[in-house]
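Copied over from Swiss-Prot:
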- H57: active site, charge relay system (ACT_SITE)
- D101: active site, charge relay system (ACT_SITE)
- S195: active site, charge relay system (ACT_SITE)
- C1-C121: disulfide bond (DISULFID)
- C42-C58: disulfide bond (DISULFID)
- C135-C201: disulfide bond (DISULFID)
- C167-C182: disulfide bond (DISULFID)
- C191-C220: disulfide bond (DISULFID)
- 16-243: domain 'Peptidase S1' (DOMAIN)
Amino acid sequence: CGSPAIQPQVTGYARIVNGEEAVPHSWPWQVSLQQSNGFHFCGGSLINENWVVTAAHCNVRTYHRVIVGEHDKASDENIQILKPSMVFTHPKWDSRTINNDISLIKLASPAVLGTNVSPVCLGESSDVFAPGMKCVTSGWGLTRYNAPGTPNKLQQAALPLMSNEECSQTWGNNMISDVMICAGAAGATSCMGDSGGPLVCQKDNVWTLVGIVSWGSSRCSVTTPAVYARVTELRGWVDQILAAN
């Protein structure tokens with residue numbers, strides 16, 4: 001996991017605002033969640049051929065579509081259109097506090113893995129991803145908060161991780177909990193439509209899912225940290241669901 005066949009290239013790394021177009025298929029775990037009419041409403045990440053992780057607030061239903069292998073939404077590239085058979089939402093998901101903003105989608109048929117489609121590694125409960133570490137988020141979310149529509153091509157942005165203490169200075173102490181991790185405030189951000197998608201960090205040369213795009217500034221301010229569900233804290237629940245299903 002976590003090793004793209006096509007290498008990503010991220011500027012300044014050696015809902016996405018002030019990002020850049022990704023190298024096509026260089027984030028092979030990136031999923032587009034779409035309504036049956038093809039409208040993209042959230043992102044997600046492939047964690048193995050049968051499972052996708054996304055945000056609980058995306059409200060995925062079994063009639064939605066899971067698209068893997070996509071780069072340009074406007075082209076009929078070699079995508080796989082998959083169906084969810086079951087959706088599991090964290091039992092402690094709270095839409096008021098936005099705590100535990102994670103859902104797992106079991107696919108009705110497995111994704112076919114290959115050059116353009118492969119899973120991301122999941123952060124272990126014991127992993128430490130330090131503040132200041134440069135990580136990358138990707139998605140088809142708005143490139144500015146008042147844009148008329150989402151971009152066709154997958155966007156990416158490098159963002160530094162931030163400590164929860166520092167993040168609380170922006171959002172207030174009661175908003176940022178231990179099941180959240182913040183990143184950004186450095187000139188780029190996630191925006192509407194990126195929700196559920198990945199925040200990945202490179203650890204031991206593999207890309208590891210550290211955050212799930214959860215919430216942030218309503219105007220997608222690039223000087224305000226965006227908030228992600230903290231995968232290391234939620235890993236135990238993920239393992240439980242995968243083991244039982």
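In case you wondered, yes, glycine gets a Cβ from its N, Cα and C as well.
It should be emphasised that the depicted structure is a prediction, and the values quoted were computed from it without experimental measurement.
Rounded to the nearest whole angstrom, the C-alpha distance between C191 (disulfide bond) and C1 (disulfide bond) is 26. C167 (disulfide bond) sits 18 Å from D101 (active site, charge relay system), taking the CA atoms of both as reference points. The disulfide-bonded residues considered are C1, C58, C121, C167, C191; of these, C1 has the fewest other C-beta atoms within 10 angstroms of its C-beta.
A distance of 7 Å separates the Cα atom of C58 (disulfide bond) from that of S195 (active site, charge relay system).
Using Cα positions, the member of the disulfide-bonded residues C135, C182, C220 nearest to D101 (active site, charge relay system) is identified as C182.
In sequence order, S195 are the recorded positions from C182, S195, C201 with a C-alpha within 10 Å of the C-alpha of H57 (active site, charge relay system). C135 (disulfide bond) has C182 as its nearest neighbour among the disulfide-bonded residues C1, C121, C182, going by CA to CA distance. Cβ neighbour count for C42 (disulfide bond): 26 (other Cβ atoms within 10 Å of its Cβ, all protein chains included).
Here the C-alpha separation of C182 (disulfide bond) and C201 (disulfide bond) works out to 13 Å. Candidate recorded positions: C1, C121, S195, C201. Nearest to C220 (disulfide bond) by Cα distance: S195.
A simple way to gauge crowding: the CB of C182 (disulfide bond) has 29 other CB atoms within 10 angstroms, across all the protein chains here. Classification of H57 (active site, charge relay system) by DSSP places it within a helix.
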